[in-house]
């Protein structure tokens, strides 16, 4: 099985790349693709860059050049679930855009025109992620809605509006829905694994800088444990 793994920033992919064997690196359009073996599987680890546009470019290039059988999006996120702490993990039950609004044409809030309102992860990948949770010890993981937008959320007013629009949201970040939308259009199975780096509040910027390495490592360990289940 060939697995594509996408993270936005260096701390989100560093442990994965360090753990690979027989790896080779290729850079296309400023995006690095590292191909090799990880946990007994053929993988391509991609550092996409931050935001929905770069994530879309990276996902499209990954699919077109390497033809992966599945894609895992890994990295950090801001937490919205009361029972999760920094470093805990959210496994996608569905993925939505939180900054899209074409409701004037009859679409749901967050739904891009001519696209589904929610992008659903592959059931087998989610099941593998659930099995992988047990190997992480004290780290807690839940399934939940992950929402995506091109903003770092640290404003209580913005947070309140987002929760009004998406009351079941467990985490928000800046790439997953773009990756999921590309996977949807190419019919490539996907799952999103995100570890919390902050709680999407006034302290988020400080928390993010302090905890991004921890969040990136936890998410990477979860991805490796997931791959071992495939």
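Cβ coordinates are placed from backbone N, Cα and C, and glycine is handled just like the others.
Note that the coordinates shown come from a computational prediction; the quantities given were computed from them, not determined experimentally.
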From 57, 153, 193, the one annotated by Swiss-Prot with 78, 174, 175 for substrate: 153
Residues satisfying Cβ distance under 8 Å from residue 175 (substrate binding site), sequence separation of at least 6: 6, 8, 48, 50, 51, 52, 54, 55, 73, 75, 148
DSSP three-state assignment (helix, strand or coil) for residue 12 (active site, proton acceptor): helix
